[in-house]
């Protein structure tokens with residue numbers, strides 16, 4: 001994938017795609033007619049079933065998570081779909097470069113969808129949620145479909161205030177296991 005990105009940046013996306021596809025064929029993950037092989041399916045199944053480890057540093061947010069998690073439309077769905085009553089706030093983590101890249105493998109996992117809703121005439125969007133653990137504490141990684149955060153920032157919700165429960169401060173390193 002990095003090779004493909006390199007070629008795209010050099011201005012030849014067709015060559016990049018062709019080389020990427022050729023490497024997948026050589027690894028016997030794709031057939032000549034671009035179907036996923038049994039070996040390719042096994043690899044995808046492994047990606048889906050294994051937890052993804054993301055590492056980064058705790059950073060302060062702007063308080064928006066507190067606002068959104070005070071809305072009953074989201075709270076109710078978290079209780080129903082994730083099985084916990086969320087603390088009204090998120091823990092923001094600035095991922096290291098390797099973890100930022102690894103975050104894209106979440107597309108192989110099936111998200112829990114918190115549906116959008118309207119409250120007091122205002123529309124709130126969908127949020128993708130993935131069960132997770134932070135230092136052994138139950139949590140969920142949440143990805144709002146509309147966000148101002150850059151890709152290297154993730155937000156975590158939990159039944160407890162993660163900062164307090166884990167004695168975290170800005171700059172502390174954490175590992176998040178996403179299931």
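For all residues, glycine too, the Cβ spot is worked out from N, Cα and C.
What Swiss-Prot annotates here:
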type	residues	note
BINDING	61, 62, 63, 64, 65, 66, 160, 161, 162, 163	CDP binding site
BINDING	90, 92	Mg(2+) binding site
BINDING	147, 155	FMN binding site
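Here residue 160 (CDP binding site) is compared against the binding-site residues 90, 92, 147, and the shortest C-alpha distance is to 90.
Residue environment of residue 162 (CDP binding site) contains 23 other Cβ atoms, counted within 10 Å of its Cβ in all protein chains. Annotation: 90, 92 are the binding-site residues among 90, 92, 147 whose CA atoms are within 10 angstroms of the CA of residue 61 (CDP binding site).
Cβ crowding, taken as the number of other Cβ atoms within 10 Å, peaks at 65 among the binding-site residues 61, 65. Ranking the binding-site residues 65, 155, 162 by Cα distance from residue 92 (Mg(2+) binding site) puts 155 first.
Classification of residue 61 (CDP binding site) by DSSP places it in coil, neither helical nor stranded. Between the binding-site residues 90, 92, 147, 90 has the most other Cβ atoms inside 10 Å of its own Cβ, all protein chains included. Taking each of the binding-site residues 63, 155, 160 in turn and counting other Cβ atoms within 10 Å of its Cβ gives the largest count for 155.
Annotation: 90 are the binding-site residues among 90, 147, 155 whose CA atoms are within 10 angstroms of the CA of residue 162 (CDP binding site). Taking the Cα atom of each, residue 147 (FMN binding site) and residue 65 (CDP binding site) are about 11 angstrom apart.
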